[in-house]
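Participant: From Swiss-Prot, here are the annotated features:
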TRANSMEM  4-24  transmembrane segment
CARBOHYD  Asn29  N-linked glycosylation site
TRANSMEM  35-55  transmembrane segment
TRANSMEM  107-127  transmembrane segment
TRANSMEM  147-167  transmembrane segment
TRANSMEM  177-197  transmembrane segment
TRANSMEM  211-231  transmembrane segment
CARBOHYD  Asn242  N-linked glycosylation site
TRANSMEM  245-265  transmembrane segment
TRANSMEM  287-307  transmembrane segment
Amino acid sequence: MDDFLSISLLSVAMLVGCYVAGIIPLAVNFSEERLKLVTVLGAGLLCGTALAVIVPEGVHALYEEVLEGKHHQTSEMKQNGIASDKAAEISSVHEHEHSHDHTQLHAYIGVSLVLGFVFMLLVDQIGSSHVHSSDDPETARPSSSKITTTLGLVVHAAADGVALGAAASTSQTSVQLIVFVAIMLHKAPAAFGLVSFLMHAGLERNRIRKHLLVFALAAPAMSMLTYLGLSKSSKEALSEVNATGVAMLFSAGTFLYVATVHVLPEVGGMGHSHKPDTTGGRGLSRLEVAALVLGCLIPLILSIGHQH
């Protein structure tokens, strides 16, 4: 029951923290120039988060079990005092097994990232084709862009929730806290980036709040579902296929699609601008480039500070 209480508290903290971080751009009134600057910073945060936090976290989750298993086997051999020639023979067998595991895991990394990216690409195309058929082509693209951006981040947040739920089922408080900190490090900037992008895209404030609420609810809801839905046998099965790492890398692919295909072109003036006579076509000013770079670096600095 203690595990259930801790996962409940972490889920509530995640929901509140994410929503508060996302509401900041809405709570402050920005001029058009300030809003562009905040949007650029948010875009940088999304890109930096995808590259510096989510991909490394996913890779770490994949390799953690293999590395721990290797360490455990060597310590066991030392404790049991196995003869040196026998130990060498066993270790060579294990080395072969581990090299096989590593090649398998390399494949998981690429496949998960690409599938996440392609999934969002297909969702984007299906969404935009539906909108194109019913609406004016001028307004079709940006509206599908908003939906894709939110959907991509929600898919990512749901994968985060699975990771936290799986961590809670290990009954180790330290593991839960590490996963929670890792998730909050990128959920808060992502919420800020999502809201600033939706504001820049000209969405109404009430609808932005709804988008933010869906994004904020995704991870806590999935963490609770994962924790409650995992039986002992399914926990073992999940750990065998490294489901947490695969889920995080899949979501990293969706995150990268959202950050690079939607948010960056929009901010750089290549996408739709709701004010055609603005400076959108000229690209970014020096200050905006500095804000973009700063946004990319913030998650990197935070992730360096956060150690496993």
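The backbone N, Cα and C atoms fix where each Cβ goes, glycine too.
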Participant: Quickly jot the same-chain residues contacting the transmembrane segment (147-167) by Cβ under 8 Å, restricted to those at least six beyond its ends, or write none.
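Facilitator: Counting only partners 6 or more residues beyond its ends, the transmembrane segment (147-167) has Cβ contacts under 8 Å with 7, 10-11, 14, 54, 61, 116, 119-120, 123-124, 127, 175-176, 178-180, 183, 187, 190, 194, 197-198, 211, 214-216, 218-227, 230, 235, 238, 243-244, 247-248, 250-252, 254-255, 257-258, 262-263.
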Participant: Does the transmembrane segment (287-307) come close to the transmembrane segment (4-24), meaning at least 3 CB pairs under 8 Å for residues 6 or more apart?
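Facilitator: No; fewer than 3 Cβ pairs under 8 Å.
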Participant: Excluding the flanking five residues on each side, which residues at least 6 beyond the ends of the transmembrane segment (245-265) place their CB within less than 8 Å of a CB in that stretch?
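Facilitator: For the transmembrane segment (245-265), the nonlocal Cβ contacts are 42-43, 46-47, 49-51, 54-55, 57-64, 108-109, 112-121, 124, 145, 148-149, 152-153, 155-156, 158-160, 162-163, 190, 193, 197, 271.
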Participant: Can you say which of 35-55, 177-197, 211-231 has the most Cβ pairs under 8 Å with the transmembrane segment (287-307)?
Facilitator: 35-55
Participant: If you draw a 10 Å sphere around the Cβ of Asn29 (N-linked glycosylation site), how many other Cβ atoms fall inside it, taking every protein chain shown into account?
Facilitator: 7
